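**Q** Pasting a structure here, questions to come.
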Amino acid sequence: MKQLKEIARAQKKQMYLLYVLALSIGVIVIGQTYFIVSIVDGVFLKSANMSDVLPSIVGLLMVLLARALFTYLNGRIGMKMASKAKLQFRQKLLSKYTKNPIQASLKGQSGEKVSIMMDAVDEVDSYYSKYYPQMIQTSVVPLIILGTAFYLNWVSGLIMIVTAPFIPIFMIIIGGATQKKSEAQLEKLAAFSGRFLDILQGLTTLKFFGRAKDKQEVIRQSSLQYRDATMDVLKVAFLSSLALEFISMLSIGLIALEVGLRLVVYQHLNFYTAFFVLILAPEFYNSLKELGSAFHAGRGSMGAAKKIIEELEMEEQPVIWGDKILNGGAQPPTIRLENIQFQYGETGFSLQNVSAEISPFAQIAIVGKSGSGKSTLLQVISGLLQPSRGRVNINGSDLLEYKESSWMDQLSYISQDPYLFSGTIRENISIGVKGETSQIELEAAAEKAGIASMIQELEHGYDTTIGEGGRGLSGGEKQRMAIARAFLKKPSVILFDEPTVGLDLQTEKILQESIYELSQSSTVITVAHRLHTIKNSDSILFISNGELVAQGTHDELTNSNSDYRDMVSLQRGDVG
Ligand code: ADP
Ligand code: MG
């Protein structure tokens, strides 16, 4: 996997350190063997007493300590590299997800994205924490052992050279299978996470419709599939370590046989050398075998990395904004909708032929049946969705010619379900304002939005924390929070998606007054359900099935369009 290696290479200091550690470990292995052999040779053959072998014992202890320390450091460096790499992947994913046009984030399950972001990236860990350091170690330590073996007894060295390749060959064969299996496993996990999150998000709905049981079964099946995929991966991994164990046992046996013959039968070797080689041999194969198990971990990571990179490379056409500055000034901009078309995906709902001129300070109502495309049009005007044909023209230029922030800075978009972040009420209201907001400004905004009294009743007032997505607040309260945001931000264009469901009269009245006050200093485009809003607007865009079928004042449309008449007569009456 090229990308994984590049990330490792980029961490030069760590890489060199790993090589230095590997060299040291190689030397330590030889030293350890030397001391063990000296002690045994001294005690058993040369009948040395304690004081003679004491230096060797101390030496052995030191070497063992050093080996433990270096192995630990090796792991530490690997872990450091891993956490850096994971950070990089997560940052890349995050920046991709945040740059994605809204259309892209509407596609697919959010659970799957979360799974890639969390689990797949975590899976990458073992490449750096296990595989990479081990690979460096294995490329150094066996060579040092091999050199020593050749120097002491070349026949043993030869046996090592001949048998060694079997281990990587097996690793590659089995590793290939593991990678496929682990890719399958990750896919199952992503599917599982996706289903799980989606079902969790819809749990209340499912309960009301008595479908929770069915979904339980879906989760069960999905988790069973994941289990099977995991077991498959483990099976291969266990099988391969068995095979590797077997190969190395055979090879060590071969060396033992050879050394034994030469020592006892032919008497070519002295005990010291024979013993030395015999102790080195397992170290040699161990080092290769460890690469084997690290290799499996690494393979798993490669499967995960592939998934991440696929996700990163998935072409999402970015929305490119220009750098024109939209001057705030005293007057809201003139907005012209020029033959706008928009479609969700290839075959989804489409919006057609929407043309309208919205002059500064105008009060525009968008009306139409549910599902006719009102909210979609509002999002196109806001710049969140881009028309596939036609354009939103602002002060004579295409909206996209402006700098994104210079447009967004002048805009308040109060959707039907405004998003509140987990944080304090203060933070949530002042989110659109650059710099500090004074308590007085904050309270004034909340007052105008009609939530000041509600907030004051809370134990911690403006410092009350609210949950993600505004948990703990009602729909009406969330909208009023959004309106308070608008009061602070003082936008020149307000897009407002009126609540369809009945708020209580009191709240509704406050909302009306708030919007009226906001409209004094800005253009307001409202998806209107209430007759009051509709009647009071300067112009009404009547949408049916994604098409703008008529526009004009309430009186004009009532006189000229029977569909409009029918629809409006069904609207809820005016409050107050
Ligand atoms: P309205 O606000 O008039 O009720 P919307 O603009 O919300 O209607 O939706 C218009 C149509 O577009 C509906 O049929 C709806 O199912 C579809 N739609 C809305 N959002 C999406 C989306 N994110 N992806 C695909 N289709 C969508
Ligand atoms: Mg809507």
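Note: Cβ is positioned from N, Cα and C throughout, glycine not excepted.
Positions annotated as transmembrane segment by TrEMBL: 16-37, 57-75, 158-178, 236-257, 263-281. Annotated domain 'ABC transmembrane type-1' per TrEMBL: 20-300, in sequence order. Taken from TrEMBL, the feature domain 'ABC transporter' covers 335-570.
Could you place these features in context, so I can see how deep they sit and what lies close by?
**A** Outside the transmembrane segment (158-178) by six or more residues, the chain places 142, 145-146, 149, 233, 236-237, 239-240, 243-244, 247-248, 250-251, 254-255, 258, 281, 284-285, 288-289, 291-292, 295-296, 299-300 with a CB less than 8 A from a CB of the stretch.
Sequence-distant contacts of the transmembrane segment (236-257) (same chain, six or more residues past either end, CB-CB distance under 8 Å): 156, 159-160, 163-164, 166-167, 170-171, 174-175, 177-178, 181, 277-278, 281-282, 285-286, 288-289, 292-293, 296.
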**Q** I'm checking region-level scores; what's the whole-number mean pLDDT for the domain 'ABC transporter' (335-570)?
**A** 88
**Q** Other than its close neighbours in sequence, what residues sit by the transmembrane segment (57-75), given a CB gap under 8 Å and a spacing of at least six beyond its ends?
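**A** Residues 17-18, 21-22, 24-25, 28-29, 31-32, 35-36, 39, 129, 133, 137.
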